[in-house]
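> According to TrEMBL, the protein has these features:
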BINDING   432, 437, 490  Zn(2+) binding site
ACT_SITE  433  active site
């Protein structure tokens, strides 16, 4: 791994020279392609505008006002993500926001080129990096969790800040911000290269002195107290050799009121306190915007190293009528489609609680990233007893799948993907969210010992023996499966999508012409397997031997399952490209999808469900870890293919979102150009009030002692 000092030396080179110099480094500590593509964003970073003009224009004045306030609440709450990512993220955001808030991009460019020694490439690198701090809400990628390092020299970065109007206005405050974050932004070593717990990376869900042993001890305490982990963080102090754990809950109300706190309480040789008031100043702004904000809060657990604590997420969107009608038909057909899943009826929920399933066009999605679909809530006990809600984000799908370059595919397959991938993905998202995340029973025992299944009747599908494990009181899927949980559940949902996409009546529901159905099925399977190769291995860390993103690991596992058990349904070969360089070619057998492919996915999917239902974490982990291996030898030496994949890597798109502005009783919609400048302008318009910066700094300072 490159040291911070060496990286700063690299960043002094212009963008055109940097790749050449990095190739020389390949003989040393790491490959140039690995270094540049993993940690430095390319100057040709793609951007897409998230169009919502038509959908927003169709709202009434009252609906526009409601959408505006939900969007504002979402965005103001999204600043919490900065505090959930890294110690330097809030400081970097405030530093850059003050710079861009007081000068336009054109004005700053003139200063950079004329006074700070920037080249055009340097300026572009500075813009792209700055836009990524806004887009990902921090200096770690939202998809992959690896660190992003500026592609411009540290000295030039600092020089531009010091030459800015913001610095001229308040040099002492800006200098403190530089001192607090600049060196951290450029440092790159094993302990900060990715998000992780303890010596495995960076996290602010736990204080810097926490280890996996601490996390496990607190997990046991929370189970004992029946506390959910979604909206808290953990801070450890040591007093007279005794560990004190503060479990701090997110709330507007703070621990200044003794009635809102509990502890300290002794448990397993340590002391525990539960306090309130985390992110209080930011949550107060959310509450100011609206009294009732649906879908807003602490939702996804992907970035917590233990897979339990959730990141802030909020969005405002408008209904897409025609697609929502199709999803409604899918919901209505659920009771006839669910029994076709490859597990016995006893492993399915006692009754299917029909959810609301809607296609939406996003007005604002505030968090570290924007998904294509959502199934909420993430509380399995609520899904089991009360039901759930599904949404598909139509304009996100359109923007995300506009890529034209598709390496590792033959000409015909690449063209089919460009033509039908979006339509196929709409089907996959519907099946993934509704029947993937919405299916399957959890076997549970209540506090009185009563089981929610008939132990005399239900057998383990793989052993034909009675069920020997289940969820005890206080245990949830997330608390049991921890760091495995997100990838495992996403894999299960993706498999459900592949499996059910073969059903004719599913294609009827989505109004797919009969002549097009085989093509759409083929493209759906091809697209997922392609992501399991081309996109998933981009997210694999050769240093830690782990995937840095849940969906990526899930799709790679599916690829490995079909390579091992699909009897030739998919194959990958190493070839040469037009320039004679190493390349890969993926092929999928259209006919075998319906035979050996379906059987392999069905057998694997059944095991995924059975191990989840019975809380059999050891069996689940052994199976999933096996298919997660990235071998260096054999017919598919993926570890040796990673440099080929990184060489042809296509950057993940940044989405430039709209901004709404109150003008009297009316709401104006502002759209921005799909560029780094446009993304930055949207955030400057979104957060014009310096008070927001002050509140972020106040919260950062409160936690600073825990992250030396």
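Residue positions begin at 1 at the first shown residue.
Cβ coordinates are placed from backbone N, Cα and C, and glycine is handled just like the others.
A TrEMBL annotation is a machine prediction, not a hand-curated record.
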> Among the recorded positions 433, 490, point out the residue whose Cβ has the most other Cβ atoms within 10 Å, with all shown protein chains included in the count.
433
> How many other Cβ atoms sit within 10 Å of the Cβ of residue 432 (Zn(2+) binding site)?
28
> Inside 10 Å of the Cβ of residue 437 (Zn(2+) binding site), count up the other Cβ atoms and send me the figure.
23
> Can you tell me the CA-to-CA distance separating residue 490 (Zn(2+) binding site) and the residue listed as 'active site', as a whole number of Å?
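Rounded to the nearest whole number, the Cα-Cα distance is 10 Å.
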